[in-house]
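Student: I grabbed these lines from TrEMBL:
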type	residues	note
DOMAIN	41-70	domain '4Fe-4S ferredoxin-type'
BINDING	CYS50, CYS53, CYS56, CYS109	[4Fe-4S] cluster 1 binding site
BINDING	CYS60, CYS99, CYS102, CYS105	[4Fe-4S] cluster 2 binding site
DOMAIN	90-119	domain '4Fe-4S ferredoxin-type'
REGION	147-166	region 'Disordered'
COMPBIAS	155-166	compositional bias 'Basic and acidic residues'
COMPBIAS	197-212	compositional bias 'Low complexity'
REGION	197-222	region 'Disordered'
Amino acid sequence: MAVPGRGLAKGLAVTLRTMTRRSHTAHYPDVQPELPPRSRGVIALLEENCTVCMLCARECPDWCVYIDSHKETVPAAVPGGRERSRNVLDRFAIDFALCMYCGICIEVCPFDALFWSPEFEYAAYDVHDLTQEREVLREWMRTVPAPPALDPAAEEPKELGAARKAAEKAAEKLAAEAAVREAAAVEAEAAAFGDVDTAAASEAAAEAPETSEAPEEKGETS
Ligand code: SF4
Ligand code: SF4
């Protein structure tokens, strides 16, 4: 059975209860909020890694990733080699007025060129100003936290293993070249000393008869 005024009493009870609680008002922008470091604020672009494969633009459900590019011919690395062509990024923009922060573009990027950044202060008065170009997306990379350290017991990633082996090979090659250079320098030095000794020996040989005859002469006279 409905008791008259029950709803009013409940409402007043809630009011009284919350009146005695401490408020949790955030004084933003005077005080910055303490967000978890991996907050999904916005999408940042590591341009160096982007190969303009267009996967992110194709997979985005909102079609809000805009990419323009052109092809460039790279001359052959060795004489007689084949010229290559590569994509050069002209424009990379994301319309954050359309983006629904699903993260699909980040997940599908095969070259680790897109990252979540905790940045969130990009509000604009005009909706058109929410399209952020590559310069801004690149700047946001500064706010992306470093990846967590690998588990020490984890298997070494293939890329790291390949890079380590290449670095070891290069170091060995450099050491071998340095050893060859050092041996050549020692040989050249020895040859130079040999020339000096030969010249000294010839000089001594030229002077030898006079000096060797002297004692005999001395002996004869004595
Ligand atoms: S987060 Fe989702 S909606 Fe936003 S750009 Fe990436 S794929 Fe598109
Ligand atoms: S998926 Fe990655 S590499 Fe491909 S265009 Fe997008 S950001 Fe660039």
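Heads up, the Cβ atoms here are built off N, Cα and C, so glycines get one too.
Curation does not apply to TrEMBL; its annotations are automatic.
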Student: Looking at the binding-site residues CYS50, CYS53, CYS109, whose Cα is closest in space to that of CYS60 ([4Fe-4S] cluster 2 binding site)?
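Tutor: Result for CYS60 ([4Fe-4S] cluster 2 binding site): the nearest of the binding-site residues is CYS109.
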Student: So which of the binding-site residues is most packed in, judged by how many other Cβ atoms lie within 10 Å of its Cβ, out of CYS53, CYS56, CYS99?
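Tutor: Sorting the candidates by Cβ neighbours within 10 Å, the top entry is CYS56.
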Student: Look at each of the binding-site residues, CYS50, CYS102, CYS105, CYS109, and point out the one with the fewest other Cβ atoms around it within 10 Å.
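Tutor: It is CYS102 that, of the binding-site residues CYS50, CYS102, CYS105, CYS109, has the fewest other Cβ atoms within 10 Å.
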Student: Of CYS50, CYS53, CYS109, listed as binding-site residues, which ones have a Cβ less than 6 Å away from ligand 1?
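Tutor: Near the molecule: none at all.
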Student: Helix, strand or coil at CYS102 ([4Fe-4S] cluster 2 binding site), per DSSP?
Tutor: coil
Student: Using a Cβ cut-off of under 6 Å to any atom of ligand 2, determine which of the binding-site residues CYS50, CYS53, CYS60, CYS99, CYS102, CYS109 qualify.
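Tutor: Once distances to ligand 2 are taken from each Cβ, CYS50, CYS53, CYS109 fall under 6 Å.
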Student: To the nearest whole angstrom, what is the C-alpha distance linking CYS105 ([4Fe-4S] cluster 2 binding site) and CYS56 ([4Fe-4S] cluster 1 binding site)?
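Tutor: That separation, Cα to Cα, works out to 4 Å.
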Student: Look up CYS60 ([4Fe-4S] cluster 2 binding site) in the DSSP assignment and report helix, strand or coil.
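Tutor: Looking at the DSSP assignment, CYS60 ([4Fe-4S] cluster 2 binding site) belongs to neither helix nor strand, so coil.
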Student: Pop the Cα-Cα gap between CYS99 ([4Fe-4S] cluster 2 binding site) and CYS50 ([4Fe-4S] cluster 1 binding site) into the table, whole Å please.
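Tutor: Here the two Cα atoms lie 20 Å apart.
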Student: Three states by DSSP: which one describes CYS109 ([4Fe-4S] cluster 1 binding site)?
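Tutor: Its secondary structure by DSSP: coil.
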Student: Please report the number of other Cβ atoms within 10 Å of the Cβ of CYS60 ([4Fe-4S] cluster 2 binding site).
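Tutor: CYS60 ([4Fe-4S] cluster 2 binding site): 20 neighbouring Cβ atoms within 10 Å.
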Student: Looking at the binding-site residues listed here (CYS53, CYS56, CYS109), whose Cα lies nearest to that of CYS99 ([4Fe-4S] cluster 2 binding site)?
Tutor: CYS56
Student: Identify all same-chain residues not among CYS60, CYS99, CYS102, CYS105 whose C-beta atom falls within 8 angstroms of the centroid of the [4Fe-4S] cluster 2 site's C-beta atoms; report them in sequence order.
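Tutor: The surrounding set, listed in chain order, is ILE43, CYS56, GLU59, PRO61, ASP62, CYS64, VAL65, ILE94, MET100, TYR101, GLY103, ILE104.
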